[in-house]
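The structure appears below as structure tokens.
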Amino acid sequence: MEACPHIRYAFQNDKLLLQQASVGRLTLVNKTTILLRPMKTTTVDLGLYARPPEGHGLMLWGSTSRPVTSHVGIIDPGYTGELRLILQNQRRYNSTLRPSELKIHLAAFRYATPQMEEDKGPINHPQYPGDVGLDVSLPKDLALFPHQTVSVTLTVPPPSIPHHRPTIFGRSGLAMQGILVKPCRWRRGGVDVSLTNFSDQTVFLNKYRRFCQLVYLHKHHLTSFYSPHSDAGVLGPRSLFRWASCTFEEVPSLAMGDSGLSEALEGRQGRGFGSSGQ
């Protein structure tokens, strides 16, 4: 029987509780109150460092019953920095996450990257070599008013990869500005990418700007049937995300600055939030 691949991680944070690190998913829970101001981005420093197994990426997301939306982050293999969760307040007044009201999840997935000699329409090569997702640029100028949701239609079919499904995810750089992209499947007939501006300012995005990323998830990770190893909070109830079967191995030396030791990886290293540069 083939052994499960290992996700190496280090964790140290007095404000979060490591609730579970079972096969496939690591879960943290807040031990202290988190205040989210209206129309302001909130970042939660997790004190968590992680490296996916070969051929895998990592996905980071939050879940709560409170009126708070989490950015779903794609963690690239070359990212060596601390993981942080980006949260947006859905209301126009303060929201409070009391202890145990926020769960933070980290899980692995298998992916592939299409071979493209040149950019194809809005689909571009990633900024850093080895990144999980391809860059997707805006086909037109766009203005988003505060608390406005708009859709961007992309009609060009993405390159196909057998046994993999093209899926849209947001970028952490835009999420830090208050713009969240709703993850969704990119099908042959095109895709409508939904963007919501949670900030208090009108945000102008120029044509050709990178505004989301295209990730080819292995078809195993997309299911319409619920199981203990799936989550409806990532892609929605009609297409559940089922994480890869991996085990978690604690490696304290992964913590940047913990012992002065960090992995000398070329490329992304500590730039960005693990999903995209700012």
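Including glycine, each Cβ sits where the backbone N, Cα and C put it.
Annotated features in Swiss-Prot:
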- CYS4-CYS246: disulfide bond (DISULFID)
- ASP76, ARG84, ARG171, SER172, GLY173, PHE273, GLY274: substrate binding site (BINDING)
### Alpha-carbon distance [CYS246 (disulfide bond); GLY173 (substrate binding site)] in Å
29
### Task
Compare the C-alpha of CYS246 (disulfide bond) with the C-alpha of each of the binding-site residues ASP76, ARG84, ARG171, SER172, and give the closest one.
ASP76
### Task
Provide the three-state secondary structure of GLY173 (substrate binding site) computed with DSSP.
helix
### Local Cβ density at ASP76 (substrate binding site) - other Cβ atoms counted within 10 Å
24
### Query
Ranking the disulfide-bonded residues CYS4, CYS246 by other Cβ atoms within 10 Å, which is at the bottom?
CYS4
### Message
If I take the alpha carbons of SER172 (substrate binding site) and CYS4 (disulfide bond), what is the distance between them in whole Å?
### Response
30
### Query
Taking Cα atoms as reference points, which of the binding-site residues ASP76, ARG84, ARG171 is nearest to CYS4 (disulfide bond)?
ASP76
### Message
For ARG84 (substrate binding site), which of the three DSSP-derived states applies: helix, strand, or coil?
### Response
strand
### Query
To which of the binding-site residues ARG84, ARG171 does the lowest count of other Cβ atoms within 10 Å belong?
ARG84
### Task
Please work out the number of neighbouring Cβ atoms within 10 Å of the Cβ of GLY173 (substrate binding site), leaving out its own Cβ.
16
